[in-house]
Amino acid sequence: MSKLIYILNGPNLNLLGKRQPEIYGSETLADVERDCIRVASDLGLQVRFLQSNAEHQLIDWIHEAREDAAGIIINPAAYTHTSVAILDSLNAFDNPIIEVHISNVHKREPFRHHSYVSSVASGVMAGFGTQGYQLALQRMAVLVAAANK
Ligand code: DHK
């Protein structure tokens, strides 16, 4: 059976493609989901692709992932820079975590340079546009295979 990867997206990412396209590009979140499903299937993985503007909902999905996910790819969006609660929930997840940012947060305002999530992530993708999700899935496939050796 193919392993399940949760791909979680935080606040405002529902507006992807419409919001600040000069920063986040013109692809919609539905486009990203479609590409992730295709790449995951080529890698022998399954994805559960989710977005919420609510911190508690992201935390509930992270708790749910404890039951059935081999890994989590998360773009916590603005919660990256503020949420100890999301960090705590990720600390309760035992499988690999990859953090994704569409933009290069290090090139942007100083408040975006700190991430609460990075301390628990195996790796961080930033500035690769929406392609970062596909690159994260490729890396996740390697981490999941290594964990099952
Ligand atoms: C998305 C957001 O909404 C911002 O709050 C983060 C992240 C960066 C991104 O690049 O995907 O600072």
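Each Cβ is built from the backbone N, Cα and C atoms, and glycine gets one as well.
If you look up TrEMBL, you'll see TYR24 marked as active site, proton acceptor. According to its DSSP assignment, TYR24 (active site, proton acceptor) is helical. Counting only residues at least six positions away in the same chain, the Cβ atoms of LEU16, GLY17, ILE102, SER103 sit under 8 Å from the Cβ of TYR24 (active site, proton acceptor).
Non-local neighbourhood of HIS101 (active site, proton donor): ASN75, THR80, VAL124, MET125, ALA126, GLY127, GLY132, each in the same chain, at least six residues away, with C-beta under 8 Å from its C-beta. Residues or ranges marked as active site, proton donor by TrEMBL: HIS101.
According to TrEMBL, the substrate binding site annotation covers ASN75, HIS81, ASP88, ILE102, SER103, ARG112.
Annotation note: ARG19 (site 'Transition state stabilizer') sits in a coil segment as assigned by DSSP. Around the Cβ of ARG19 (site 'Transition state stabilizer'), a 10 Å sphere holds 11 further Cβ atoms from the protein chains shown. Here TrEMBL flags ARG19 as site 'Transition state stabilizer'.
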Which binding-site residues from the set ASP88, ILE102, SER103 have a C-beta atom lying less than 6 Å away from ligand 1?
ILE102, SER103
For the substrate binding site, please report the maximum Cα-Cα distance among ASN75, HIS81, ASP88, ILE102, SER103, ARG112 in Å.
24
